[in-house]
Amino acid sequence: MPALACCVDAAVAPPGYAFAGDSSLPAPVPFAGDPLATNDAAALPTGEHSHWSPSLSADLYRIDGWGAPYFSVNTSGNISVRPYGKNTLPHQEIDLMKIVKKVSDPKSAGGLGLQLPLIVRLPDVLQNRLESLQSAFDFAIQSQGYESHYQGVFPVKCNQDRFIVEDVVKFGSAFRFGLEAGSKPELLLAMSCLCKGNPEALLVCNGFKDADYIALALVARKLALNTVIVLEQEEELDLVINLSQKLSVHPVIGVRAKLRTKHAGHFGSTSGEKGKFGLTTIQILRVVRKLEQAGMLDSLQLLHFHIGSQIPSTDLLADGVSEAAQIYCELVRLGAHMRVIDIGGGLGIDYDGSKSSESDISVGYGLEEYAMAVVRAVQHVCDRKSVKHPVICSESGRALVSHHSILIFEAVSASVHDSPATSLSLQRFVEGLSEEARVDYQNLAAAAVSGEYETCLRFADQLKQRCVDQFKEGSLGIEQLADVDGLCDLVSKEVGATDPVRTYHVNLSVFTCIPDFWGIGQLFPIVPIHRLDQRPGARGILSDLTCDSDGKIDKFIGGESSLPLHELEGSDVVFGGSGKYYLGMFLGGAYEEALGGLHNLFGGPSVVRVLQSDGPHSFAVTRAMPGPSCGDVLRVMQHEPELMFETLKHRAEECGHEDGMTNGSLASGLALSFHKMPYLVAGSSCCMTNSGYYYGNEDNYNRAADSAAGDDDHWSYCFA
């Protein structure tokens with residue numbers, strides 16, 4: 001091949017090292033070619049290599065599987081949101097790229113001037129999910145002749161954000177939808193929010209409890225909130241009895257049962273007889289007897305159980321519900337005033353669109369099948385035992401909030417697939433080789449001429465290793481080591497053995513924004529949110545900004561180890577080029593925000609709340625919150641940014657400057673750094689002005705200055 005011939009030109013090779021005949025490699029059997037033709041599951045549709053369309057992207061990324069009915073690809077090649085699900089009219093669809101533009105454009109251009117990464121919250125989708133869940137149970141109850149109702153609660157551990165919890169209470173008020181808390185601060189926020197909710201809405205108190213927790217729950221009952229204290233441990237009952245007597249509150253009590261039914265998947269590890277939570281049958285009987293002795297058996301009104309998140313099939317669900325219903329009926333027989341069966345969480349999300357019951361990231365049912373399985377199982381047992389049908393409660397957090405939140409981030413650079421051209425002086429290169437390395441070079445040349453590609457690669461690797469050893473010994477210079485690296489890269493490229501998967505560097509922290517991927521291997525659909533009318537020309541993995549080898553995403557839905565991606569636009573495919581490439585992580589509205597840490601002190605994303613609107617772009621941003629600044633994340637780790645600034649300011653005064661920069665301007669720039677987000681700023685370059693230094697354009701500088709001006713007086717003079 002011509003490229004390799006330049007590096008092994010017989011005319012300049014020393015005697016005994018010239019190639020016989022043509023010095024270029026013969027055309028190899030193609031190892032690569034189509035960048036999407038890898039071992040990964042997603043491949044191009046047959047016969048569609050030259051033409052591309054949004055529908056092909058929808059198929060490639062399985063959007064119609066995991067995204068229905070809320071996400072689709074529009075004719076512009078952008079991801080669009082259907083806020084009302086299947087009832088969304090065409091003019092109501094929201095183009096995600098228009099949201100990104102509105103949010104990220106500078107204020108001088110009519111934007112909000114927020115920095116990515118960005119969480120887009122869609123309350124309309126949340127409301128649709130809640131109404132769809134309620135409708136599924138209402139239909140199952142009516143069609144089966146069930147003689148009670150469904151009354152759900154949202155477990156706030158899924159996402160404790162104030163506006164999400166308030167939305168759930170507001171949207172669910174007509175359905176008596178309540179909240180579930182698992183800790184004292186969660187109980188406090190639930191109490192506050194439910195003061196504006198339906199008075200019949202349940203406040204379910206789960207989790208391990210001490211006297212303070214139980215006293216707080218009893219106070220909630222004094223405040224006329226429909227509070228149920230669910231016993232997770234037998235010892236909690238004594239506290240409930242004693243404190244309720246002291247506070248003169250008649251409590252409503254539930255028990256959490258350890259079922260024999262066990263969910264075998266990752267999310268079922270706390271289920272079964274040896275599960276982390278709940279009471280055995282022996283303990284439940286002791287609770288009944290103790291309540292009876294205290295004259296409080298009428299307080300026992302709820303049975304709770306949980307067989308794990310992401311329940312894969314309705315068969316497993318029905319088995320667990322039937323077992324729990326038997327316990328419920330036995331408690332009725334023993335004299336408890338039972339009225340509610342709380343089936344816990346477990347309503348799963350189809351993260352990959354496969355509708356498989358054999359996967360931790362998919363489920364083999366929809367909302368309707370789930371509700372029907374629950375209603376039938378409870379009804380069957382209760383009818384057989386001649387027990388009044390209980391109120392059915394579920395704690396379906398993941399299913400409610402996952403769809404309404406989208407994480408959007410930018411790919412800022414990508415590793416170059418083609419090795420850069422290497423200018424190689426063969427004479428100098430060969431003269432610097434040891435005798436053993438020269439033999440490897442001769443063998444490499446001979447294999448190249450004869451077209452023995454595997455042998456060619458083997459001798460190239462062998463030559464490279466010998467040269468590395470020489471370099472470590474100090475007998476080979478860095479220029480010669482670079483020459484052998486370039487030669488070996490060229491050999492790999494010419495024989496088609498170069499890894500076709502690139503690394504796309506994204507302006508994100510996996511640990512902060514997608515902790516479940518790092519912690520438990522949870523997969524989420526990740527898709528470019530634009531350019532979907534173009535054929536992706538590469539495959540890539542995603543590497544984040546953190547200084548950690550785990551800060552990458554190299555597993556994707558569909559069993560893929562890389563993701564079809566487009567070439568980055570802009571010169572040299574580097575950060576700051578003319579084009580921007582945006583990716584979205586979907587179905588991440590549950591758990592990710594609360595679990596995210598501060599690895600490398602990268603804080604959380606900016607957040608916007610977007611409602612469907614009849615305006616020109618079909619949406620309105622009703623709330624925008626910039627992500628935490630450098631000062632904010634430093635405070636979390638007990639640092640004091642104001643004092644840190646004072647230290648740096650004094651050092652600047654001590655050092656002085658001869659380059660014309662005043663101490664005040666340097667201090668102003670330092671202060672501004674504390675007010676910036678830790679993430680990269682698109683197109684930034686370090687600039688100096690008479691009032692200090694800043695990154696990015698003047699609008700960004702002014703915005704940061706404005707945001708800091710409202711802080712306390714320790715900072716005010718920094719921007720004078």
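Even glycines carry a Cβ here, placed using N, Cα and C.
Predicted, not measured: the structure shown is a model, and the values here were computed from it.
The domain 'Orn/DAP/Arg decarboxylase 2 N-terminal' annotation in TrEMBL covers 149-402.
The N6-(pyridoxal phosphate)lysine annotation in TrEMBL covers LYS157. Cβ neighbour count for LYS157 (N6-(pyridoxal phosphate)lysine): 20 (other Cβ atoms within 10 Å of its Cβ, all protein chains included).
Listed in sequence order, ASN600 are the same-chain residues at least 6 apart in sequence whose CB falls under 8 Å from the CB of CYS547 (active site, proton donor). Annotation source TrEMBL lists active site, proton donor at CYS547.
Mean pLDDT, taken over the domain 'Orn/DAP/Arg decarboxylase 2 N-terminal' (149-402), works out to 94 on the 0 to 100 scale.
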